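Let me begin by presenting the structure, written as structure tokens, before commenting on it.
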């Protein structure tokens with residue numbers, strides 16, 4: 001299972017229609033598009049997937065549709081994290097039923113939970129996942145939960161934990177985690193430091209921009225494996241030029257707009273309160289979509 005979890009995993013977006021409802025057909029196309037790019041797996045229902053502006057039922061629908069499209073073809077990780085332990089457990093049970101390979105959960109947020117409460121939260125989810133390994137999701141910039149290195153070391157050694165998604169710019173901490181846990185599956189979470197994360201000890205990555213240029217990240221990983229750091233750095237720079245634009249326009253809405261111009265997503269909208277991409281940026285995103293489609297071909 002550890003080998004199966006390693007690799008380049010796209011953090012899947014969730015398409016919506018003009019009425020803000022789940023766009024199931026676009027979701028299916030997006031799954032297929034990612035598989036065509038040679039992605040090793042999908043991380044479903046996380047931050048990129050706008051999980052926290054969806055109902056529990058919608059999140060289950062997304063998991064089911066993705067499993068129908070991709071189960072057995074690539075690795076599937078279901079993000080099931082909620083503030084509520086019971087809701088997280090429900091999603092974990094659904095992920096197991098749908099045939100996912102692992103579950104993941106962000107640290108519970110908003111309320112100032114104690115570290116032991118965090119540990120109990122993860123234990124309960126693991127108990128509901130019917131044997132699926134847990135990918136602990138550490139993203140302090142969004143969760144507001146700033147785990148110490150000792151706390152991370154404790155979480156990743158809980159029974160049932162198989163991996164850590166480390167969405168932090170702290171590469172020193174990444175290396176410290178790898179040094180302490182040589183067999184842990186460790187994901188880099190920030191796309192803009194993917195190459196650096198691999199050099200610091202990550203086995204692979206989970207990222208949002210993989211949806212539109214997954215082949216670039218696969219090429220970076222290959223270059224690192226082969227010791228060609230110059231190529232990895234050049235490719236990372238090319239990825240970061242795209243990321244610069246996406247940050248300027250809004251990452252999730254920018255990605256959906258690019259995918260719309262690629263004829264993958266019908267409607268380039270995130271769920272409110274996210275706003276659409278500002279009109280002056282559309283020509284740049286259209287040009288980017290064209291460039292990437294030529295490169296992909």
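Including glycine, each Cβ sits where the backbone N, Cα and C put it.
Annotated features in Swiss-Prot:
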- 137: active site, proton donor (ACT_SITE)
- 165: active site, schiff-base intermediate with substrate (ACT_SITE)
- 47, 48, 167, 189, 191, 192, 208: aceneuramate binding site (BINDING)
Aceneuramate site, defined by 47, 48, 167, 189, 191, 192, 208: further same-chain residues with Cβ within 8 Å of the Cβ centre: 11, 190, 206, 207, 209
C-alpha spacing of the residue listed as 'active site, schiff-base intermediate with substrate' relative to residue 191 (aceneuramate binding site), in angstrom: 12
C-alpha spacing of the residue listed as 'active site, proton donor' relative to residue 208 (aceneuramate binding site), in angstrom: 15
Pairwise CA distance, the residue listed as 'active site, schiff-base intermediate with substrate' versus residue 48 (aceneuramate binding site), rounded so that it is a whole Å: 14
Residue 192 (aceneuramate binding site) to the residue listed as 'active site, proton donor' - Cα separation in whole Å: 18
Residue 167 (aceneuramate binding site) and residue 137 (active site, proton donor), Cα-Cα, nearest whole angstrom: 8
Binding-site residues listed as 191, 192, least Cβ neighbours within 10 Å: 192
Around the Cβ of residue 137 (active site, proton donor), the count of other Cβ atoms that are within 10 Å: 25
Residues near residue 47 (aceneuramate binding site) in space but at least six apart in sequence (CB under 8 A): 11, 106, 139, 142, 208
Neighbourhood of residue 189 (aceneuramate binding site) by C-beta distance under 8 A, where only residues 6 or more apart in the same chain count: 138, 139, 165, 166, 167, 168, 197, 205, 206, 207
